[in-house]
Amino acid sequence: MESGASKGDARTSKRGRWINPQLLQLKVMLFLVFGATSALIPYLTIHMQSIGLTVEEVASVYLTLLFTSCLAPPLTGFLIDRFGRYKPVLLSSIVLNLVAHHCIHFIPPRRETVLSHTYSVKLVEDDTSLLVESNLDQCPHKWTAWNESCSDAEGVSYPAYLIHPNGTDGTSCGHYNISNCNRQLLEVSGTMRVEEMIPAGREYDRTFWVYLVVRFVATSMLTSTLTISDPIALDMIEQHGGDFGREKLYSSVGMAVFTPLTGLMIDAASRGQNHTVYTPAFYTYDALLLCSLVSVWLMPIGHKAPSQNVLRDLGQLLRLPHVLAFLAFLFLLGNFWGFIESYLFVIMTAMGSPNYLLGLTYTVGTVASIPMMFLLNRITRRVGHVNLLVLAFFAHALRILGYSWISNPFWCFPIELNEAISCYFMWVVATTYCATLAPTSLVATLIGVAGMVHFCLGKGIGSFVGGFLIARVGLKLAFRYVGYSAVCCGVLYKAVHLLWLHRYDQAHPTTEQPAPALSELVRRRASIVPKVDQFGSAISFTEPKPKRDASEEHVPLEKG
C-alpha cells in the first residue's frame with residue numbers, strides 16, 4: 001500500500017508540469033543519438049562510391065554486414081536482461097560507435113589509373129532533353145569534365161538519351177544536371193564534348209577490404225546503440241511515467257534537423273572542389289555522440305531484475321506462431337527499408353539532386369511523423385498492431401514506386417510523406433508489440449531479436465539484392481520491381497492474419513496451465529503505452545489494478 005501511495009504522490013507532484021524532469025535526459029539522448037545517425041548514415045552509400053567502390057561492391061558490403069552485425073542487437077538485449085544493467089552497455093556502444101565511424105573518414109580512396117571516355121552532348125531543339133553520342137553502348141555515370149572555366153553551382157536537370165554514331169536511338173540515361181553557364185554554351189555551340197573518368201583498377205582490392213572491416217565494427221556498434229534506446233525508454237517510462245510515442249518524437253526531431261543541415265554543410269564544403277567533401281557529416285556525427293555521452297551519464301536509468309533463464313524463456317516465446325509471423329514479416333519490412341535507404345540518394349543523385357535536397361527527404365518524413373507520435377496510443381488501440389504493420393508495407397510500396405515514376409527530384413516531398421508510416425511509426429508500433437508479446441523479463445531480448453531481424457537481416461538482404469538488381473536492370477526498373485513486391489507482401493501478411501493468425505490474438509480458456517512466461521504473455525494488454533491522466537502523468541505498469549469480472553479475465557492481444 002505504501003508503494004501505491006508513493007506513486008500516487010509522485011504523480012500528483014508532476015501535475016502542471018509540461019516536461020517530466022526525470023525524462024529530460026532521455027529526450028536529450030534520443031534527440032542527439034538519432035540526430036547523429038541521420039547526419040551521417042544516409043550519406044555512406046554515396047560516400048562509398050566517392051572513394052571508388054562500384055555498385056556491386058556496395059551490395060557486397062551490405063551482404064557482409066548482414067551476417068556480421070546482426071549479432072549485436074540480440075547480444076545487447078541478452079546482456080541487459082541477464083545482468084539488469086543499461087548504462088554501462090549503452091556508454092560502451094556509443095564510444096565504439098563514434099570511434100569506428102570516424103575511422104571510415106580516413107579510408108583513402110582508390111588511387112588507380114583511370115580510363116577517359118569522351119561523349120558528344122547536344123541539346124534538342126525544344127530545349128527539353130539531351131542527346132548523348134558515344135561509341136560505347138553505355139550511358140555516362142557522371143559528368144566529370146565540362147568547360148573548366150565554368151564554376152556556376154546552379155543548374156538545370158535534363159533527361160538524356162543515348163544515341164549511336166550511326167543515328168540509331170538508344171536507351172534512356174536518366175537525368176543529368178548541367179550548370180547554367182554550360183547550358184548557355186551548349187545552346188550557342190549546339191554540341192559539346194565531355195569526358196568521364198572511370199577507375200581502371202580491379203574490384204575487391206585493399207580499399208574494399210579495409211572499408212568492409214571498419215564498417216563491420218561501426219555498424220555493429222550503431223545497431224547496438226539504437227537497439228538499447230528502446231528498452232531504456234520503456235523502462236524509464238514505466239518508472240517515471242510518460243508516453244512512449246511522445247518520447248520517441250524527440251528522435252524524429254533530431255533526424256529532421258540534422259539530415260538537411262549536414263547536406264547544406266556538405267554542399268558548402270564542396271563548393272569550388274572537383275569532388276564531394278563529406279567531412280562535415282563525420283564531424284557532426286562525432287560532436288552529437290560526444291554530447292550524448294554526457295546525457296546518458298546523467299540519465300536516471302534504474303536497474304531491472306535480471307532473468308536467470310533468458311534463452312529458455314525466449315525459446316518458448318519463439319515457438320508461438322504469431323510471434324514467428326511477426327518476426328518474419330518484420331524481416332520483409334527490413335528488406336524494403338534497406339533497399340530505399342541504401343539507394344534513395346543514388347537515384348536522386350542520378351536525377352541531378354543537390355545535397356541539401358537529399359537531407360530534406362529525411363526532414364519531410366520525420367516532421368510528418370510528429371502528430372502520429374502524439375496519437376500512437378489511440379491509433380494502436382483502434383487499428384491494431386498487425387494492421388499498422390500491413391499499412392507499413394503499402395507505405396514502403398508507394399515510396400519506392402514513387403521514385404520510379406518521377407524524373408524531377410523535387411517531387412520527393414510528397415513521396416517522403418510515406419516515410420512517416422513506413423519507418424518511424426512502424427518501428428514504434430513494432431517495439432510496443434514486442435512489449436505486448438513478451439513478458440517483462442524478455443522485453444529487451446525480444447526487441448533485440450526484432451532489431452536484428454529488421455535492421456540487420458532485413459536491411460542487409462534488401463541492400464544486397466537491390467544492388468545486384470540495379471546493376472542488372474537499372475535504377476528505375478529495380479525500384480519498380482521492389483515496389484510491387486512490397487504490395488504483395490502487405491497483402492500476404494493481412495491474408496495470413498485473417499485466415500490463421502487472428503486466433504492467437506486473444507487467449508482461449510484452457511484446462512491446462514501454460515508455462516509461467518506464456519501465462520503472463522496472454523494477459524498483456526494490446527498496447528504497453530501507459531495511460532495518461534488529464535495532467536500528463538502516467539499510470540505505472542506495476543500499479544495494483546482493480547478487480548475485474550471473470551468475463552474480463554482475458555484481454556485481447558490484438559484488434560486485428
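Cβ from N, Cα, C; glycine included.
The range from 95-116, 249-270 that TrEMBL describes as transmembrane segment is residues 249-270. Here the transmembrane segment (282-302) has Cβ contacts under 8 Å with residues 22, 25-26, 28-29, 32-33, 35-37, 39-40, 86-87, 90-91, 94-95, 97-98, 101-102, 104-105, 232, 235-236, 239-240, 258, 261-262, 265 of the same chain, all six or more residues outside its ends. Under the criterion of 3 or more C-beta pairs below 8 Å, with sequence separation of 6 or more, the transmembrane segment (24-46) and the transmembrane segment (481-501) do not qualify as touching, having fewer than 3 such pairs. Contact between the transmembrane segment (481-501) and the transmembrane segment (426-449) is not supported, since fewer than 3 Cβ pairs fall under 8 Å when only residues 6 or more apart in sequence are counted.
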